[in-house]
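Student: Residues or ranges marked as region 'Disordered' in TrEMBL: 1-20, 66-101. What TrEMBL records for 76-97 is compositional bias 'Basic and acidic residues'. What TrEMBL records for 113-135, 199-219, 231-250, 256-274, 286-303, 309-329, 350-377 is transmembrane segment. Sequence annotations record features per position, and here TrEMBL assigns domain 'Peptidase S54 rhomboid' to 190-327.
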Amino acid sequence: ACGIQTLEKPPRREPRPARRGLSPLRAFIYSRPLLAVLLTPTPPSLTSHALLPLSLSLLLSHHSTTPLASCNSDQNSKERMATQGDMEKGGVRKEPGKVPSPLYPQHEGEREWVPWIVPVFFVTNITVFIVTMYVNNCPVHTPAKEGKCIGHFFGRFAFQPLHQNPLLGPSSATLTKMGALVWEKVVHQHQGWRLISNMWLHAGVLHLVVNMFSLMFVGMRLEQQFGYVRIGVVYLFSGLGGSVLSSLFLRNHISVGASGALFGLLGAMLSELLTNWTIYTNKATAAITLLSVIAVNLIIGILPHVNNFAHIGGFLTGFLLGFVVLMRPHFGWMERYSMAAGSACTTKKYLLYQWVLMAVALVLVIIGFALGMAMLFRGSNANDSCHWCQYLSCVPTSRWTCTN
């Protein structure tokens, strides 16, 4: 209880701290490379891996300073009033051996989480790559006429010849064996598990390093803010969404990489900013910066040998899920005219537009996955319904074609 009392006049209301958004300098400092999903032709005779372009990913660093739910006792109220009085005079009341506590205690739901799911993803990706290289065993499985393996001193962990894989990694055959995304195997051989397994595979050391840097710099901060459950859901379902969309449009390629899931994190960052729009400052700058980074990533995705459909599918999935799982409460202030002086009672409050966005996004996610899965396992070719969609993943120029 908040100790209700009748006052002659309302006490002075302290200004409500605001969340800080993203400054351009901060965005630049936290920019990190993001490697696109690798695509290679399915036929075993065509095993070359093109070096993929590097693009920017973004870490939005929001700091929570919003007053949180709290009902204080009379003693706490007196202490708070004394502290406020000292602050009004330009100082902060301190006690020996103690660090001054914030004006409003942090609510449990807003605590900073200790990230562990992102490190688990990190270790899993590295472990899978090591196992993939062990299975690849280039010195044994690569005839001398096809070239020399790179790094003979690594033994069976040596890399394929550069003309086969310039990213310093295994062969296409090994990637397929380990679970790369192949439309033929998913649809006709009922290997639906490849929709998930491909996001843990990487085409080479360069591919792995860049994606893991992106995962750590983006994912760690998001997990600190929102916890392992919500970020894990966004990551996994975004990777699945990217796999489904790429399977509907790309039938003659194999695909590996975590970029679809990473694009999902970018999409979730954007929707989190939108659904929690009213509690941030510098929001216009943050939105413009984030949209610019996303646009650069998607534009680079139209180059050949880049699976931009995985990027788009992952981004859309993460964007919608962000409205569902990353919604933050606003805090409605209880009327202080009938409260004890200095007491601070606030209650969580979600705004109407947040509920509307969450409901619409949830419906779209369910419908999208249902239709996508139905079309995929019926063997539908999405290119028949959308002839221009092929240009979302590759735009032919005088320097390259997109036929093969």
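Think of each number as a place in line: the chain as shown, counted from 1.
Cβ coordinates come from backbone N, Cα and C, glycine included.
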Student: Is the transmembrane segment (113-135) in contact with the transmembrane segment (309-329), using three or more Cβ pairs under 8 angstroms as the rule and ignoring pairs under 6 apart in sequence?
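Tutor: These two stretches do not touch.
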Student: Between the transmembrane segment (231-250) and the transmembrane segment (113-135), are there three or more CB pairs that fall under 8 A, provided the residues in each pair are separated by 6 or more in sequence?
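Tutor: Answer yes: the transmembrane segment (113-135) meets the transmembrane segment (231-250) with 3 or more Cβ pairs below 8 Å.
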Student: Counting only residues 6 or more past its boundaries, what in the same chain has a CB within less than 8 Å of a CB in the transmembrane segment (350-377)?
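Tutor: Those are 186-187, 192, 237, 240-241, 244-245, 247-248, 271, 274-276, 278, 316-317, 320-324, 327, 329-330, in sequence order.
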